[in-house]
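Structure, as C-alpha cells:
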Amino acid sequence: MERGNQTGAGNFILLGFTDEPELQSLLFGLLLSMYLVTVLGNLLIILAIISDSHLHSPMYFFLSNLSLADIGFTSTSVPKALRNIQTQSRVITFAGCFSQICFFFVFGCQDNLLLTVMAYDRFVAICHPLHYVSIMNPRLCQLMALGSWLISILGSLPNTLTILRLSFCTNRKIPQFFCDLPEVLKITCSDTLINNIVLYSVAIILGVFPLSGILLSYSQIFSSILRISSDRGKYKAFSTCGSHLLVVSLFYGTSLGVYFSSVSTSSSRMSLMASVMYTMVTPMLNPFIYSLRNRDIKVALVTVLSKMVPLREC
C-alpha cells in the first residue's frame with residue numbers, strides 16, 4: 001500500500017464526499033449553507049430563551065443546553081470539511097483527528113444525556129404536575145445540566161486516550177469527511193481489541209442506559225395520557241412532549257442508521273450518507289422542530305428578530 005502524496009508523519013487523509021472537481025463548488029455551498037442554518041438556528045433558540053422571561057423554565061433551560069451542544073457537535077466536523085474542499089487538501093494531522101474524535105464524543109454524549117433529562121422533565125410535568133415546581137427546582141436543573149456535561153467529558157476520555165496506543169500503517173485514508181473512530185480503527189496496524197471493548201462499553205453505558213431512561217419516562221407518560229378522559233386533555237398533554245419525542249426519534253434513528261450502515265455493508269458511500277444525517281441534518285432540524293411546534297418559542301423568536309432588524313437598517 002502506498003502512502004498518499006499529501007501525508008506526512010502522523011497525518012491522515014479524509015477522502016470526503018467526491019473526487020469530481022465540478023462538484024466541489026456545489027458541495028461547498030451546500031455544506032456551508034447547512035452549517036450556517038444549524039449555527040444560526042440554534043443560536044436564535046438560545047437568544048430567545050435567554051431574552052424572554054416566560055421561557056425561564058426547566059424545559060427551555062435544557063433546550064438551550066441542547067442547542068449549545070448541537071452547535072458544538074456540528075462544528076466538530078463541518079468547518080474542517082469546508083476548509084478541505086476550499087483548499088483542495090484532504091490532510092488532517094493526528095492532533096486534529098484526535099481532537100475531532102474527542103469533541104465528537106463529548107457533544108454526542110451531551111446530546112444523549114440532555115434528551116434523557118428532558119424526557120424526565122416531561123415525565124414530571126405530565127405525571128406529577130402538582131409537584132413539578134418543587135421537583136424540577138432551579139438547583140436540581142443546574143446540577144443535572146452540569147452533571148451531563150461532566151459525564152460527557154469523562155465519558156469521552158476512555159475512547160480518546162486508548163487511541164494514543166495505536167500505530168498506523170502506510171494506508172491512512174479515512175473514507176469519511178471527519179475522523180470517525182470506527183473508521184480510524186480500521187486502518188490501524190495495532191490490535192484493536194481493547195479499543196473495541198472500550199468503544200462498545202461506553203456506547204452501552206452512555207447510549208443504551210439513557211435510551212432506556214427515555215423509554216421508561218415515555219411509557220409512564222403515555223400511560224398517564226391514556227387515563228385522561230377528554231380528547232382535548234389528551235392532545236394538550238401530548239403536545240407538551242411532541243417536539244421532544246420527534247427530536248429523540250430523529251437522533252436515535254440516525255444514530256442507529258450510522259451503526260447499521262457500518263456493520264451491515266461495506267459501502268463507504270452508505271456510511272458517509274448516514275454520518276451526514278447524524279452529524280449535520282439532525283442538529284440543523286432541531287431548532288425548526290422546537291420552534292414550529294411551540295407558540296412560546298415562536299413569539300420569543302419574533303421578538304429577538306424584531307430587535308435585530310433596526311440594527312440592520314441603521
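Including glycine, each Cβ sits where the backbone N, Cα and C put it.
Record features, source TrEMBL:
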TRANSMEM  26-50  transmembrane segment
DOMAIN    41-290  domain 'G-protein coupled receptors family 1 profile'
TRANSMEM  91-107  transmembrane segment
TRANSMEM  140-157  transmembrane segment
TRANSMEM  197-216  transmembrane segment
TRANSMEM  237-260  transmembrane segment
TRANSMEM  272-292  transmembrane segment
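Sequence-distant contacts of the transmembrane segment (91-107) (same chain, at least 6 residues past either end, Cβ-Cβ under 8 Å): 6-8, 10-14, 69-70, 72-73, 76-77, 80, 84, 152-153, 155-156, 159-160, 163-164, 178-181, 184, 202. Here the domain 'G-protein coupled receptors family 1 profile' (41-290) returns a mean pLDDT of 89 for the predicted model. Residues 17-18, 56, 60-61, 63-64, 67-68, 70-71, 74-75, 78-79, 81-82, 85-86, 280-281, 283-284, 286-288, 290-291, 297, 300-301, 303-305 of the same chain, all 6+ positions outside the transmembrane segment (26-50), place their C-beta atoms under 8 angstroms from a C-beta of that stretch.
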